[in-house]
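Asks: Provided herewith is a single structure, encoded as structure tokens, for subsequent inquiry.
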């Protein structure tokens, strides 16, 4: 019997019990009238029975309320569920088991759906993780391939760029252009120079003045601050070796005070500079051509306040006169000493003895500022006469008096330095514009450099600049002069006998090509 049937039976029994108790009480009341002796006892029994009847009546009312709530619940179920699921419920019987049985399939269906959803979610998670991993591996391999391809193209680009630069150098050599390279000194304050100067490739500098548009300058080669001293030597080797081809060549270190010119030319303490490199090259030529009995020589001339001094003579303060050989066109300082160098250590001793007599002084811009131009003239003498000559010029730095705060004697030095550098700029301008008259004689410096800066010469200009913000004006002026000098062609003018000059240039180019091919074969 289900709970609803049992509940209906219980209610029916209670109704019968109440009816029986009512009949019993009525009968008992009649007997009570007849029996007066038991009146008190029966009255008490009657009260008890009435209380019992009241309690049963309350229980019956409660049971009826429960029954009505069950009927309401059954009606709601009938409205919510299809009629096929639940049987028709009546007030006589409430089939609770039918309700449970009707809910059980729906609950099982929901459980199955949730279970299937969980399984699908698990599969999706696994598939997603697998797809992400596969995509990561694919992208990693693709990126690796792109990086490898990029490196291959970069190597190819570097090879083509080097080849283009080599061919461009041959063209420039054939045309006789002055080669111009730029070198940037590291910051003395430990600051990065990139806010002021940017380097694009290895041949362009972009200067970024504050509150102004950027300025770009192109050179044959640019040496940023982090490159060591040895990186400059590759560019210098061809012009140093041209002394063997009979050229009068020069290497000029140009720039404002404190930009590192002397560091480049003579190197720091215990290390080599351009002069030491050139001397090593001369000794290599001597060994390669031992049968010619070649002897390298050196002269060291100082141009101080437009007076020429010989730093290797016994009287380094004596003023020498500058003369020109009308036959050969050579310019020389009369009485200057040419000392032979027997070996490399002997050359270092001679150089140091000359540097000891050079005029230097402390300024606000440099504690050991060169107050003069210094020319190291290297030559090769042999049984068949002289070959060419190489002028290595450590030029005094251009400076503004308002920056250096020089006075009296230092002020006169600054004026002479700036005047001679202006004369050099005038010579560059005249050569660039191919003017018929070149003002070599306006300065002792340009007059002595005339053989190298003429149609029969070869020249390289190393412009030095500082990354400091305070030197911005001097940096821009130096870079502009270097870029203008790069357009100068030291080629023979029309009507001049250029057969020997062109032949020398062709021999020099063939030597360079042969050296390049030997390097490639190695």
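Cβ from N, Cα, C; glycine included.
According to TrEMBL:
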type	residues	note
DOMAIN	177-488	domain 'Kinesin motor'
BINDING	255, 256, 257, 258, 259, 260, 261, 262	ATP binding site
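I'm curious about the neighbourhood of these features; can you describe it?
Replies: Sequence-distant contacts of residue 260 (ATP binding site), defined by Cβ-Cβ distance under 8 angstroms and a gap of at least six in the same chain, are 183, 185, 464.
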Asks: Would you count the other C-beta atoms found within 10 angstroms of the C-beta of residue 255 (ATP binding site) for me?
Replies: 29
Asks: Counting across all protein chains shown, how many other Cβ atoms sit within 10 Å of the Cβ of residue 261 (ATP binding site)?
Replies: 26
Asks: Cβ-Cβ under 8 Å from residue 259 (ATP binding site), same chain, 6 or more residues apart: which ones?
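Replies: Listed in sequence order, they are 185, 397, 464, 465, 466, 471, 478.
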